[in-house]
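What TrEMBL says about this protein:
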DOMAIN    26-107  domain 'Inhibitor I9'
DOMAIN    130-561  domain 'Peptidase S8/S53'
ACT_SITE  ASP139  active site, charge relay system
ACT_SITE  HIS197  active site, charge relay system
DOMAIN    354-442  domain 'PA'
ACT_SITE  SER524  active site, charge relay system
DOMAIN    638-740  domain 'Subtilisin-like protease fibronectin type-III'
Amino acid sequence: MSSFHFYYIHLCAPSSVADASSSLSTYIVHVRQPMDKHFATMGDLHTLYRSFLPATAAGSNQEQRMVHSYQHVLSGFTAKLTAEEAEAIQEKDGVLYVRPEKALSLHTTHTPDFLGLHRGVGLWKDSNFGKGVIIGVLDTGIFPGHSSFSDEGMPPPPAKWKGRCDFNSTACNKKLIGARSFVSVGNTATPYDGVGHGSHTSGTAAGAFVRNASALGNARGTAVGMAPLAHLAMYQVCNPSGCLEGDVLAGMDAAIEDGVDVLSLSLGGQSQRFSDDSIALSSFSATQKGIFVSCSAGNLGPSNFTLSNEAPWILTVGASSIDRSIKTTVRLGNGQEFDGETLYQPHDFHPVLLPLVYPGVNGDGSAALCLPGSLESRSDLRGKVVVCDAGDGTGGVAKGQEVKNAGGAAMILVNNPTAGYTTSPELHVLPAVHVRYIAGREIKGYLSTASAPMATILFKGTHIGISVAPTVSFFSSRGPNYQSPGILKPDIIGPGVNILAAWAFPLDYSIDRRHTFNIISGTSMSCPHLSGVAALLKSAHPDWSPAAIKSAIITTAATLNMEGRPIVDQTLHPANIFTTGAGYINPSKAVDPGLIYDIAPQDYIPYLCGLNYTDYEVELIVKKVVKCSSIRSIPDYQLNYPSISLKFTGSVSKVSVTRTVRNVGPAKSRYRSVIDPILGLDSISVYPSDLEFANVNQTASFRVDFTRRVGRNATATLPLAQGAITWISAQHSVRTPVAVVFE
């Protein structure tokens, strides 16, 4: 990832976390439950797990060594062990797998309007604002006193709810119905949000209506989450140092036991086999229980193969902009103006032209980036507007502090080519503006040619109506799916740039902490938008499976921006399918998709066998003994997924794909297929070309043959092509996106 810094959380941590006081490290131990034993309670399971600990951890030391025991997400536990003890446990009968714990990273007033959600009509009305649905959020905790978590007008939690609140008796209510901490290192026992991230994601997913919300007076309006009548349960699994796998597993385990309907995880790690991926493992267990899981794609874009959370049973969400900006303008001495953004909009800054300087003009890289300490000796910056480069991982606020320490009057923060047009309104410590790469290039050009370069900054407040929105942010992680190329990822993009939501700390001393909001960016912000939308769909269609909800989201996604043109990326060029997935979330259409592609949990077994997972690896994922040799496995692209991802290699000239859809629209429906031409393919044929349904919930299957020319008659092709197969009826349009890779 380019090191352009947003106020999203992307925390890096060691790959294995050692106990600071000894040679012990935390290990995850997968065991096989004996078929002849019944475990009536969690205590029975805990006793079984404890029996696997080595003799060196005997007596009271056993409880100190055990970190977490799991009931749902996997058969096993985490414990503090030496490397020798871990090797000894691996040799015991009944032990499937032992590995070191890894650390993962944590990857609104206007977004409901931008997404077409309005009171009294459409999806909010059809779903009753998500009433009765429980969203479980795994994050840094929550500030329970925030106005976004008021329970005014909320019904009591459903009877199935079994969770608890570890705050005092008055902190939780009918909105925030559960709050628990599973942080195993430095735990304070109560899940108060010490970062802000967890309060923000929770408010985005299911925050209550809050009038006159703003961040320092900007983006003022009524703040509300996607599912404002849904209940919230917080599972604190992260702290400012990161998120440990064992803690994430423990939070997921508790959420499944408690009875949540939707899980929202704005965190993840590097791409890895699903049998080694704690989020993939625990999410599969959730899916088996009918729980929908939404995860962030990661903040490592714009390079390809940078995704987190690639498993097909997870909804993987990328980040894009909305049509709002906190506008600030650079005015140069020659009259040119360039728009940018900042959250800090001082009223007492007089827009008079001041000398403009770029401290990196002589090739000093540290000074160009305004790194901490790099401008200490620069007395020539006093009273001037200072240009600083972004792109090294140092936050813009820290750069501004360095400029302020050197006596600078203001700062212009300019993007590098990687970040392109993605800008961020940060809470700067001096008058500042963050501008896109093209603007930065023009400003530096003026600096190099003007005899006495001058500049000032104009603060213009909140502006709505950017027609190029949504634009995919540069940091949003891209596909293809490294672990399973036949599954298109990310699945979808949603609002993730400059999102206003609840915050745990006041931005200044004049704001009541209970009414504090902040604007931050990241796929961490787009994920809870989709979690909230999933809650709305679950409320409207309580009988739909997680896969059915995902299908409705994917097949109704928008592919055009507000100008009616293809969605673009941070360079303002059309974004490819490994950047957008199916496209931009369209909640109002998702509630009535017409047809859905469904997948039952057992359908993933032949898929996993087709990925060449060993029997024990499949067992780790599905929690039961599997013999792939006795199962008719399928290639990954044959899973009944609502998108299609193919690869043509060598002399392969034809690939056939089969899908099955279920009618959830009118009983009597007829659909005809419409095929987008795909460059590089000779032909695409759909059999049958029409689908007819006589009843609701009736299913129909179809086959798609993709053919390309090979040999001397083959035409040169780009490495990636994309298109779609769309089923159109009198009332519905069901779009199945298609990605084709040529090697």
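Any Cβ shown, glycine's included, is placed from N, Cα and C.
In TrEMBL, annotation is done automatically, which means it is predicted and not curated.
Given the structure is predicted, the values throughout are model-derived calculations rather than measurements.
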For the domain 'Peptidase S8/S53' (130-561), what's the model's average pLDDT?
93
Rounded to an integer, what is the Cα-Cα distance in Å between HIS197 (active site, charge relay system) and ASP139 (active site, charge relay system)?
7
Which one of these active-site residues has the most other Cβ atoms within 10 Å of its own Cβ: HIS197, SER524?
SER524
In chain order, residues whose C-beta lies under 8 angstroms from the C-beta of ASP139 (active site, charge relay system), counting only those at least six residues away in the same chain, are LEU106, ASP193, HIS197, GLY198, THR201, SER202, MET234, TYR235, GLN236, VAL237, CYS238, SER266, LEU267
DSSP-wise, what's the residue breakdown of the domain 'PA' (354-442) into helix, strand and coil?
23 helix, 19 strand, 47 coil
Residue counts in helix (H, G, I), strand (E, B) and coil for the domain 'Subtilisin-like protease fibronectin type-III' (638-740), per DSSP?
4 helix, 57 strand, 42 coil
